[in-house]
Every structure is written in C-alpha cells, then in structure tokens.
C-alpha cells in the first residue's frame, strides 16, 4: 500500500467520527443497528460476551455469514481477524469487507507479530491500551485505533483506563523538548516522525474510538467526554432487554454527550441492561493480548 492509499484509508476512518459501531451476528440485527443510526456494523458469529462464556479458540467468522450482513445493509461492514493471522485478513479483503479489525477478542494467531497492514488496501482497525501500542499499530498501517477495554463484560473501567492512559501519555509527549523525542521514540519502539506528529498536534495521527464494556448511553457519553471520537458497542445492545431502544439511545448519547438533560431522557425505560462481569472476576483479560 502506498502513502496515498494509506491517507485515503485514514480519511475513510475519519468519516466514521462521532458515530457508533455495533456488533451484529445476523442480517436482522444489522438492520436494527442501521435503523438506529449506527455508522457501521461489526459482523461476527458470536459477540464477545458469548466468546468469553464459551471459551476455547475463537477464529474469523464464516465469510458466507459476513456476506449476508453486507447484503442486508448500506452502511460500512467491519469484520474481525486474529492478531497476526494475515491469511484471515487476505480472505476478508477478498470478500470486499469495508474495514478489518485485527482483534484481541479472537484467539491470537501470532504472539510476537501483528499483521503488516501496509500490504493491504482495506483499512484496518486495531486496539490499544496505551500510546506505545497505538503508535506501533499505526506504524504497521492501522487507519483507526480503539481502546481495548475489556470486551464482553459490560464493565467500562478498562476502556476508561486505556483512554486516560493514552491521553495522559499524549500530554506528556506534547510537553517534551525536541531533543527528548528521539529517546521517547526508542522507548515506544516507533519511528521518530510518529512521535513528532503527536508532539506537534497533541493527538494521534488517526481517529481513536472507545471500545470494551460500553453498555449504556451514560457509558458512551463518558467515553466521548474523555476524548473518544466515536464508540464501539459489542455485547451491550443485543444482550440487553430492548436492543432497538438501547441502540437508538446510545447513538443519540454520542451526539449529545455534553448534555446531561438529554442523557437523562435517553437513559429512561431502556429495559434491562446486559448482566455484565466485574473486572475483578475475570480470569482471562483479552486486553493483554497483542502488545
């Protein structure tokens, strides 16, 4: 992928800014998400809560199922591949998916290397829990970053921790003298020009969404107020009592994230939220996969 293509991919990801991306497992769910105002959907066979409950090895979804969702909606469709599994990424590119998420939700295929995303034309989304991870993924060709959070839990604490960590490290880097940036680039294991960009612009070179544990309109607004440019919602919608109403409320919450009165109205009468798992009760932390 040449520089021009990468810039185009970054612009494609920019178009999702201020939006909500929802996990869906069927064409029917995809239609509900589109009608609710989702800017994109993530097609997968099992949502993170089910992956966590079932355990075992989780892999890329069946391409036939992904195609069914692509045919059902007009908004962009994303799909997940395993960390380091470049052949799964090749398959997803062949079915003409709009975005690929190299995701820690699935079982990693490579515990050393991530995919060289510069070899693909399709834009990639990657998770990060700190600035070093974010910049390393961008250096590999990611066009969009999201917090890792802790998928399938309905517990927002990890997403908050990761977003605050990235913001704190950006502020620290922005305040450095230029002669300190070379050492910082070495420590973060990324090229100097990426570190310089963050120093000068006080932000990542790509969009940064929040993901992992978003279950309510309040959760979505919290992540936006902390600096997220959009939100991924996985298990929180279709594991709740009234998915359609909750989906609409979360989309509106992202748009009106600074208005507590609107957020109060949106939070009323949504039915039961997903049950959720407390961070302290989890044996397997997916966020620790892929550094």
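Keep in mind that glycine also has a Cβ here, set from the backbone N, Cα and C atoms.
Of all Cβ atoms in the protein chains displayed, 28 besides its own lie within 10 Å of the Cβ of residue 234 (D-ribose 5-phosphate binding site). The secondary structure of residue 234 (D-ribose 5-phosphate binding site), as reduced to three states from DSSP, is coil rather than helix or strand. Taken from Swiss-Prot, the feature D-ribose 5-phosphate binding site covers 23, 152, 213, 234, 235, and the record attributes it to sequence analysis.
Per Swiss-Prot, the feature active site, schiff-base intermediate with D-ribose 5-phosphate maps to 80. For residue 80 (active site, schiff-base intermediate with D-ribose 5-phosphate), other Cβ atoms within 10 Å of its Cβ number 26.
If you look up Swiss-Prot, you'll see 164 marked as D-glyceraldehyde 3-phosphate binding site, on the strength of sequence analysis. There are 13 other CB atoms within 10 A of the CB of residue 164 (D-glyceraldehyde 3-phosphate binding site), with all protein chains counted. In three-state terms derived from DSSP, residue 164 (D-glyceraldehyde 3-phosphate binding site) belongs to a helical segment.
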Candidates 80, 152, 213, 234 (recorded positions) with Cα within 10 Å of residue 164 (D-glyceraldehyde 3-phosphate binding site): none
Distance from residue 80 (active site, schiff-base intermediate with D-ribose 5-phosphate) back to residue 152 (D-ribose 5-phosphate binding site), taken between C-alpha atoms, in Å: 15
Distant-in-sequence Cβ neighbours of residue 235 (D-ribose 5-phosphate binding site), under 8 Å, six or more positions away: 23, 47, 48, 49, 50, 151, 152, 153, 154, 215, 274
D-ribose 5-phosphate binding residues 23, 152, 213, 234, 235: largest Cα-Cα distance, in Å and rounded to whole number: 12
